[in-house]
Amino acid sequence: MPENHRGYAYPPDHQNSTSSSPTQPPSFSDTAPANSGNVDRVLFKNLVEMVPLVESLMDRRASASYSRRASMVYTPAPSQSRKGSELSGRKAGQIGSARKRRDNRDNEEDYDGLSAISSKDAQRDRDELIKLLQDVNELQKKLSEKEEALKSAEDLLNQMSTAYASLEDLRSQVAEKDSLVKSSNLELYNVKIRLAEKQAAMEKLVWETKMSNRKIEELEGNLTSKDLEVNALMQLFEEIAEKGSTRYPDHSITYSDPFNQYPVQIDDDDDDDDDDDEEDKIQMSKMEEARTAYINAVSIAKMNPCDETLAAAAEARFRLQAFVL
């Protein structure tokens, strides 16, 4: 606990007396009142007895058992009349000896009282010290608790920081996974588009194949019908040729007429008929060649149904139709 150190105010004439003899009380012969009626003798006696006690207290050094000091302000006695001064001068010797004995006795009593007061103050100081120690212990205990709480809070803060760092890592991983999923979905969408295009192309090829097969079937039907027509025409041409050979015999051969014994020469008109027969033979040979070429073209188109073979078969058909029609 803080101590109140106060200064002491010494009276003017008391400084010299304390420097020369600190144990001897000052002489109050000059200020001692005479047997006047306006002075309280009990108060004066008490004041006189208090001076050596105050001097002893001021000269004593401060100790641990008695650490408090009090301040004392000296108030000089009021000036007395000359009569009182003379009376005090005459009685100074008597008062001095009696006062010394009384001062010694009072000093002993005051010392005992001061010892009791000092013991009480020491006990109170000890109690206050014990209380202060208890308060310090409680404060230290609270401080340790606060330090433990602060340490636990720091640990919790570190754990939260670690958790936040792991959370950020997880968020970055999730973002990467999302980007991968998005890129995979985009690639899958592109693959679906390409697959749809391939499927459309395949369907187109299937449709074209069906149409080609249908055209081939139609061409085969037409070819069959044309073969039948060609066969019929060939039979017709053969029949015509046979009829022509029987109708137009060889005029270079002469025969005898029973009615006319002279040989008969064939007319010039018969020569024209021979020329027509030659042309017919040429046409028949060309038509046969066209028919053979058409049959070969159709066979090639069946084996390899492409645009070139189909075009060649169509061209051979047109040539054959030109001879037939």
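Quick reminder: no glycine exception, Cβ is built from N, Cα and C everywhere.
Nobody curates TrEMBL annotations by hand; they come from automatic prediction.
In TrEMBL, the annotation coiled coil applies to 119-173, one of the ranges 64-118, 119-173.
Averaged across the coiled coil (119-173), pLDDT for the predicted model comes to 89.
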